[in-house]
Each structure stands twice: as structure tokens, then as C-alpha cells.
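First up is the structure itself, then whatever we jot down about it.
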């Protein structure tokens, strides 16, 4: 069961529609894929979608790191040594977390397939299904309401509203959504570092009781300012851009805790193994987990879902990153029904090349 072939390539997946967040408008999506094949014909696949604005990693850096560093570590190695191989990869690809995530996901997929198990059952299943949020970008009120209506019609009831450009317009959108849809929806907010402290206080005061929680309200480097906020705000604030890997998670466990929720993204932390490291810390510290994503192939969305379902600390999913892709290279990976996600019963990630 030795890895005999490693294939690395880049795909332009594109979006069906662009969307705007606090610091950019996104209209294009490129992912780097890794395919591992053993000498007995079993394959494992992984995908990387770097977030340059968050981690500094470009798609070129992702592809280059994998092309240069993967084969010396994995070529000819026995998949039964996958956890040792993951440790080697963690060291070699530490500066390119999306590249590390692609390799990590492929190894996990391959290991679970070798054992004939869905990945979550190899990791230790805790959850069978959970609802995911779906994202509405920054847009005028009329378009916000129309998009919310569309998503409700598709079975989603949890909406993540992007904010952070204009706090008064943000407040108006939240209030109008509540007036229009009331108990039909649950709202979460993602400010993407867009607020100053005074704006956050104002937003919180005007929307209290309407929003379940707010993601990354202040800039990532303003950790001390987050710690000085009232506990009522910190408890419903989720760390995103502030939380890259396990080291960041450990730092945020100390009082006063700046966030009550951690948002784990495989592309920030380096894949399933580092993600579960963060999850274990959060679980011991009674911090709730959300598992999020970039614009990603079903491959890595499935990886995040399997990891999420193996952690007792998981409370929230925000795994809509493949839903607006114009194309993908796989199908399967998960079953989505009325906004609820569950894994398939297929071995590994449960994805199939198209």
C-alpha cells in the first residue's frame, strides 16, 4: 500500500455570481488539487484554495510548494504511516497552509479508503447532520431581501450576512431582513474585520436579539481591543482572520478571552489534522466551534465536514463554499437537504471524479 503516483494540478472553477465582503469583491476561484495513488490502485484526493488576504499565500505559492515538496515526502511511502507523513508535511509546508491542507486532505481520504470507511468514522463520529449557513454578500437592501428569499426557497434558513463597509447600512439590512422574514430565518453576521470599536458597539446595540453571532468584527491584529470589549459582545464574537492555526487558538484561551467562538477553516490552519488540534483545544476550554471555508471544491468542503462531525465542540457549519461554483471536478462528498448537511456512506471523503 505504497504511494506510487502523485499528481498536482490547478483548476479555474469560477463563480456563478461575484460577491462583496468588507475588503474585496470576489469573482474568480482557482483551486489546486492533489491526487495520490497507491500501488494497489486506491486514490486519495485533496484541494487547496489559498486566502491571500488572510494568510499571504497565493495560488502560485500553493502549486509551487506542492510541486517541490510533496514527492520527496510521500513518494514510495506506505499509507499506513499516514500520521507520521502528516507530521512531516506539517513541517515542510508550514508557510503555505492551503498547500498543506490539500496534501493533508488527500492523505486522510486515502487512509480512510484503504480501511474502507467514511473518513468521519475513522476520525470518530460525533454528529450525523447539522445545518449550514449560506452567505449573502454586501449589497443594497432590495437585493439582500431578494437573495434571502431565493435561499429560503432552496431550503436554507440560516443566513450569514456580510457586513463591514457601512455600519448604518448594515444595521438597516439586518432590521429589514428581520421585519420581512421574522422567525423563518436565523441570522449570523460576518464583518470581515470591517468595524472600529465604536461601530461595533453601535451595531451590537441596534441588532441585539436579531443576530446569533458576529464573525471577526475588528481587525485581526486588534486582539487586545477585542479582549477589552464587554463579555456580552465577546461571547457572541467568532474568531476568523485572527485564528489561523493552533498557535493562535492557544493564545486566545487565556483570560479575558476575546472570542466565544472559533471559526476553523482548513485553508487557514493547514488541513484536517491541524483543524482537529484546534478543535480539541476549544473543546477542553468550552469554546464553540464553527467550521467555515473559502470558495472551495467539494473535495475540501467534504474534508471540513468530516472533521466537523468528529468534534464534540462543533456547533455551527458555514460550508457553502462549493454551492456557487460554476464547475467542479468531483461530485458527491456530502448530502445537502433543506440546508442540512450529512456525509455519504462511501469510503474516504465520498467524492467521485466527474
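Positions of Cβ are set from backbone N, Cα and C atoms, glycine also.
Going through 109, 295, 345 against Swiss-Prot, the one listed in the substrate site together with 135, 160, 161, 162, 265, 318, 319, 320 turns out to be 295.
Mg(2+) is bound by 190, 240 in Swiss-Prot, and the record lists one more residue there from 150, 215, 277, which is 215. Under a cutoff of 8 A between CB atoms, and with a sequence separation of 6+ in the same chain, the neighbours of residue 265 (substrate binding site) are 51, 240, 291, 292, 293, 294, 304.
You'll find the Cα of residue 215 (Mg(2+) binding site) roughly 10 Å from the Cα of residue 161 (substrate binding site). Sequence-distant contacts of residue 190 (Mg(2+) binding site), defined by Cβ-Cβ distance under 8 angstroms and a gap of at least six in the same chain, are 21, 135, 160, 161, 162, 163, 164, 214, 215, 216, 240. There are 26 other Cβ atoms within 10 Å of the Cβ belonging to residue 240 (Mg(2+) binding site).
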